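Student: Okay, handing you the structure first.
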Amino acid sequence: MSIETDATIADFGGKLLKLKHSAKSTNCEMKFNLFIPGSASSSKPAPVLFYLAGLTCTGDNGAEKGFFQNKASEKGIAVVFPDTSPRGLKIEGEDDSYDFGSGAGFYVDATKEPYSNGYKMYSYITDELPKAIFSQFKELDSSRVSITGHSMGGHGALTLFLKNPGKYKSVSAFAPITNPSKCPWGEKAFSGYFGENDKQRWSEHDATELLPKYPDNTDILIDVGTGDNFYKQGQLLPENFEKAAKDAGKNVKVNYREGYDHSYFFISTFAGDHVEHAAKYLLK
């Protein structure tokens, strides 16, 4: 089924589209946002930056509060804001907590029932959604794609990049869950989506374990706020990712932003830096 448009909003000289389509990988209707800069056309297609949001979010949060479009418009880059999980699959318990089930797909393909029936956000983000977008919007360039994300979405951005060498031109992340196998959020999600004993599958979706296996060098930008309560609680573990990078000889830059928290005030402050980071590679 083709993508349907619910709204078109003028935005920084371009347009923000509120979109929806029927997705096979998630067995439901998926909504998302797409910003297309005014400079984009079928004869001059724009490169694309995917922004993956965090726990409890939808495709609206980054589009409406992340402040990516200003710098993206300046650089001539489109931005895709997907949802974070399937919606309304009527799986018992999927709406019971903020950090598992609805709004918390963790960008993996679940293998444990009943979540294996629809919770396929890895396939949705890496395959089904881009195919749908690029087939319908000829003003977008499928050969130039980068990825970024926040928190759970930062985990998604890092792991999708590291698991698919060459698919994305660059990656960056805001306060990412970098070592989910070792933190409460990740342990809960991976137990529910993969099973407690399938630790091999856990490691296949853990950026800290994936980084040393990545075949090329990296240029990964990460921002973390020192006032972030989830950082203080040990949910993010950027130090583990930094150590893995140092041991493997990979280039990772983690900026510890004094006083900033986990919110969209933090994201919007540094969104321009992350668009600039993507632009270095998308506009080559």
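Here the Cβ of each residue, glycine as well, is placed from N, Cα and C on the backbone.
If you look up TrEMBL, you'll see SER151, ASP228, HIS262 marked as active site, charge relay system.
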Student: Once the chains shown are all counted, how many other Cβ atoms turn up within 10 Å of the Cβ of ASP228 (active site, charge relay system)?
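Tutor: 22, counting other Cβ atoms within 10 Å of ASP228 (active site, charge relay system).
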Student: If you skip the near sequence neighbours and keep only those at least six away, which residues in the chain come within under 8 angstroms of SER151 (active site, charge relay system), Cβ to Cβ?
Tutor: GLY54, LEU55, PHE174, ALA175, PRO176, ILE177, PHE230, LEU236, HIS262
